[in-house]
Amino acid sequence: MSQFPGRSGDALLVVDVQNDVMSSLWQPQRIISTIDDLVGRARLAGTPVVWVRHQSPGFEPGSEGWQIVPELTPEAGEAIIEKRYGDSFAETNLDDVLASAGADHIWLTGAQSDFGVRSTLFGGLYRGYDVTLVEDAHTTQDASVDSLHFTGEQLVALVNKLAWTTRLPGLTSQLCKAADVVFAPADRMDDEDKIEAIELEEQAEEDAEDVAMGLGDPEPEA
């Protein structure tokens with residue numbers, strides 16, 4: 001379970017499905033179609049859809065290549081996170097967006113599997129989220145390292161394996177096929193709920209620190 005006791009909902013995260021990113025990847029149209037289906041199902045379920053868009057030198061905001069592919073269109077009110085690093089949480093407001101939505105579990109999709117998707121998978125886990133990688137809804141391109149060559153399909157399989165085999169205390173990293181995804185609406189919080197959730201999270205952190213320092217409640221004698 002996640003590290004957010006005041007939250008209990010899902011969010012669908014769509015990472016870097018931009019024109020210049022998707023154009024050279026493995027089976028881009030199949031992946032785009034799969035993500036489009038997931039987005040439609042999430043909206044019907046009332047699950048927040050959060051879009052992530054990368055920018056860097058040569059990949060500038062406003063350029064054609066920077067735009068999200070035309071087959072996938074964010075709706076009014078859906079958050080678009082602008083990032084500069086592989087990890088979608090790094091120096092962005094993604095954590096705040098998920099907190100406001102009451103989400104503690106992420107369905108992860110997008111590109112590139114071995115860059116933005118992989119970094120965001122671990123970024124979410126290390127920040128206390130449960131993350132499920134949708135195994136047939138992310139993609140990447142061929143790559144070479146020294147004399148070794150990897151196809152995009154092989155790299156997708158590798159990242160799927162990383163998601164499936166990663167274990168952290170109290171957190172869940174899972175794989176799921178798109179057809180098996182079942183969305184749970186995130187509980188959107190008002191200000192009072194947000195304060196209560198923050199207090200619960202802070203108390204949980206303090207309790208964990210006390211236990212680590214040996215200051216927790218002593219165990220009852222046998």
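All positions are counted from 1 along the displayed chain.
Here the Cβ of each residue, glycine as well, is placed from N, Cα and C on the backbone.
Copied over from TrEMBL, here are the features:
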| type | residues | note |
| --- | --- | --- |
| DOMAIN | 11-143 | domain 'Isochorismatase-like' |
| COMPBIAS | 201-210 | compositional bias 'Acidic residues' |
| REGION | 201-222 | region 'Disordered' |
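For the domain 'Isochorismatase-like' (11-143), the model gives a mean pLDDT of 97. In terms of DSSP helix, strand and coil, the domain 'Isochorismatase-like' (11-143) has 44 helix, 37 strand, 52 coil.
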